[in-house]
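A.B. asks: From TrEMBL, here are the annotated features:
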COMPBIAS  398-408  compositional bias 'Polar residues'
REGION    364-408  region 'Disordered'
TRANSMEM  16-34  transmembrane segment
TRANSMEM  46-71  transmembrane segment
TRANSMEM  211-231  transmembrane segment
TRANSMEM  237-259  transmembrane segment
TRANSMEM  271-288  transmembrane segment
TRANSMEM  300-320  transmembrane segment
TRANSMEM  332-353  transmembrane segment
Amino acid sequence: MKAKRDNQGTYSGRDFAFTCFGFVLFMFDVVLDIKVSVGFYQEGDYASLIVFVLIIGFSSMAIQVFSWIFFQVDRQKDDYVPVTWAEKLSVRQRAALHVIQLGMVVRYIAAIKLGYMVTFCSTTTDKASLVRFVNFVSHDLKLLSVFETSSETIPQMILMLYIFLQSNKVDYVQCVNFGGGFLTVTNSVVNYHMSLRATLTEKKQLKVRHFCPWLVYFGWNLLLLASRIVAVTLLTSVSFCYIGFNFLCVWAAFLLWAWKKNTKLIGRPKSEWLYRAMAALILYFNWFNVAEGRTLGRCIIYHSFIFVDNLTLLVVWYIFRDTHDTDGYAMHALIGVPAMYLSGVLCRGVYYWRFHPKVWMEKPNNSQEDNEKLQNLGPPSDEISLGDESVPSLLTVGDSNTVSSPAQ
């Protein structure tokens, strides 16, 4: 679901802080990628270096393509008004920036500059007109961040864990890259969720100021993602052919699902198929809502499917594993991965039961309705009306502190 410029929504200092934090994580990830690549080269691990660079190259090109498509689609809209300096660039200038892989940097700078104007420099009148534009720019940026983390960060984490399982050696930079990857992926998912709700005026926002809803949302994404990464990595350590076959089959199934849901994010047939392919890649690792409508049924189908697929990956790994090298953690993996995934599903259920914005929105409405009903009842009476007659209330018969039970 893509935001529209006519949806004003809301924007606060918290949203500006999250955008700045996202840019810091983005630059930190770039620095870590360079350090990890240099480390592979110095150690003579050229196979890992080639795979690592290929992952970065594929992801970067895919993100630049989507960023360019989003810019071009926006320019063709009737109500399009260039607001940020990035949108005011000529087609050649913008194309050159995307060719040298700076599309995301340009978007981050534009979003931060516009967010700063809305948060600190705009008057009340100006802010009302700028909020919808900053939400639009930020939403595109955070959607691209989800694309990037799913196509680059998660595969890199799988590679890091695979290297550890094969060598049984811990490298400091690789550990930082792995931990930062978890933070980056979960942060991008939470930011996208908050951005989507901010751009839709009919949606209630996630209450980050209480921290508990945000932590629960962050937690269940972390648990589900961690269990999936471990399951995929374990099978990768056994055979590249097995995991390749699994990926192609599951990815194709999710691609078919996205097509059946008739996604309309971009609007162009060829570009829409690129989006569906990326959505299928995201769904291979983590939940991603590809179409509007109620998600309960889709979530049940998706999590049931992924849970069974995780179990399949674990069983195949357990059968073909090297018993000498894996006996120390085999049972922990067989028990821990499914337990972690079920814990994530349970946390997600708790989130939708107690902390979903709809719950926060319904409670005040219910309280308001109850107050109106109490006001309409008027003062209590000692008589109960039955048609044209009146009979005394039970509380006025005998002792006013006792009421006879029907069983008596």
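Cβ atoms here come from the backbone N, Cα and C positions, even for glycine.
Nobody curates TrEMBL annotations by hand; they come from automatic prediction.
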A.B. asks: Which range wins on Cβ pairs under 8 Å with the transmembrane segment (211-231): 16-34, 237-259, 271-288, 332-353?
C.D. replies: 332-353
A.B. asks: In terms of Cβ proximity under 8 Å, which residues at least six beyond the ends of the transmembrane segment (332-353) contact it?
C.D. replies: 213, 216-217, 219-224, 226-228, 230-231, 234, 299, 303, 306-307, 310-311, 314, 317-318, 359
A.B. asks: Residue list, the transmembrane segment (16-34) vs rest of chain: Cβ under 8 Å, 6 or more residues beyond ends.
C.D. replies: 52, 56, 104, 108, 111-112, 115-116, 118-119, 138, 141-142, 145, 153, 156, 173, 176-177, 180-181, 183-184, 187-188, 191, 194
